[in-house]
Amino acid sequence: MVTRAGAGAAVAATAVVALLSAALALYRPPLDAVLERAFSLRKVHSIKDMENTLQLVRNIIPPLSSTKHKGQDGRIGVVGGCQEYTGAPYFAAISALKVGADLSHVFCASAAAPVIKAYSPELIVHPVLDSPSAVDEVEKWLPRLHALVFHCERGTQPGFLFWQGILEASKARDIPVVIDADGLWLVAQQPALIQGYQKAVLTPNHMEFSRLYDAVLRGPVDSDDRHGSVLRLSQALGNVTVVQKGERDILSNGQQVLVCSQEGSSRRCGGQGDLLSGSLGVLVHWALLAGPEKTNGGMLDLKLTIWGPKIETGIKTRAQGGCGPRTTAPTSPHLPLSPSPQVQPSPGGCIRRLLSHQAVQPPSLPEARSLHHHLRHDRRGGGRLPQAL
């Protein structure tokens with residue numbers, strides 16, 4: 001598993017690059033103006049230097065205000081968690097909070113609830129997935145949620161059987177959904193569940209993508225045409241956004257293909273995809289919340305909904321040169337649960353390096369710890385990141 005320091009750095013990178021990708025998806029007129037020379041329909045684009053599009057990113061970060069109420073900047077639900085698997089829903093839910101959501105709910109099996117709750121008192125944990133009334137228990141919370149992240153594990157048999165009902169209820173309320181892990185397995189079994197629902201974002205890794213592709217298109221993935229394969233899968237599912245994670249993340253909404261090749265961490269370990277899906281949940285809400293006024297009059301194109309973002313799977317941790325202990329447990333000595341009063345964070349260090357596209361150096365632990373502060377408390381200037389970044 002990733003270290004706590006690595007997890008904090010990964011969330012920092014995820015937040016910046018994923019916000020940029022979300023802005024690209026939703027606002028076609030500004031995007032065409034900014035990247036007119038590079039972008040055309042049905043063409044693959046590799047994005048490395050997107051300095052001109054960073055204003056789109058800044059525009060969708062909601063500014064803090066004393067007039068707002070709790071929950072207005074994001075109430076995210078994560079569905080998943082059983083006795084054997086408590087880490088994935090925790091990482092997804094806590095990532096949503098670290099990116100800037102106000103409230104994060106976890107709907108899990110009863111055996112997982114005490115463990116997940118013990119990880120963080122900030123999470124609102126509902127032990128309902130193994131209840132005969134699981135769908136009803138989750139559905140009554142849907143009017144209060146802005147997005148749902150599905151992390152169902154096949155080990156949660158009763159809850160997994162109710163997953164379809166929860167998804168259908170979410171679609172009926174037009175709630176954006178992010179589907180990862182075994183949620184993708186269920187989609188492969190029943191593609192009609194998300195067919196044509198363009199507020200769905202699928203985040204498969206290589207193996208999950210191959211399974212989905214074979215189930216939907218009845219054939220193997222063309223290894224020589226990965227870009228076309230992602231495009232075809234998205235089209236076959238009715239222009240659902242597909243994010244194939246890998247060395248280069250390939251993103252498609254069925255109309256365009258975007259390849260993000262910005263390098264993340266070279267480590268591949270458990271928990272990285274969970275950071276992505278949890279971050280996506282709140283970013284979907286932010287992008288929809290921003291509205292056309294944030295794009296100089298550009299109309300919100302719901303057919304595009306959102307590009308799946310490129311996740312920075314983690315900037316190498318300072319601990320032991322990026323080879324620290326493989327744990328994300330809350331007791332990890334590398335990143336305390338609460339910032340130490342003796343530590344004065346360096347404002348936005350790892351974010352600054354990402355925005356400037358400088359060579360990425362391992363972030364300091366204070367930088368990782370201060371991510372949540374800067375994403376939530378440096379937004380007072382009309383949603384803009386601090387100029388110091």
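Glycine is treated like the rest: Cβ placed from N, Cα and C.
Look at Swiss-Prot and you will find Glu153, Asn205, His206, Met207, Glu208, Phe209, Ser210, Arg211, Asp274 tagged as (6S)-NADPHX binding site. The ATP binding site annotation in Swiss-Prot covers 245-249, 264-273. As annotated by Swiss-Prot, domain 'YjeF C-terminal' applies to 53-389. Residues annotated as phosphotyrosine in Swiss-Prot: Tyr85. The annotation region 'Disordered' is assigned in Swiss-Prot to 316-350, 369-389.
In this structure, of the binding-site residues Lys245, Arg267, the smallest number of CB atoms within 10 A of the CB marks Arg267.
In this structure the alpha carbons, written CA, of Asp274 ((6S)-NADPHX binding site) and Glu247 (ATP binding site) are 17 Å apart. The distance from the Cα of Ser210 ((6S)-NADPHX binding site) to the Cα of Glu247 (ATP binding site) comes to 16 Å. The Cβ of Gly273 (ATP binding site) has 22 other Cβ atoms within 10 Å, all protein chains considered. Each of the binding-site residues Glu247, Asp249, Asp274 was assessed for Cβ neighbours inside 10 Å, and the highest tally belongs to Asp274.
In this structure, the recorded positions under consideration are Tyr85, Ser210, Gly271, and the one with the smallest number of other Cβ atoms within 10 Å of its Cβ is Ser210. Here His206 ((6S)-NADPHX binding site) is positioned 14 angstrom away from Cys269 (ATP binding site), judged by their C-alpha atoms.
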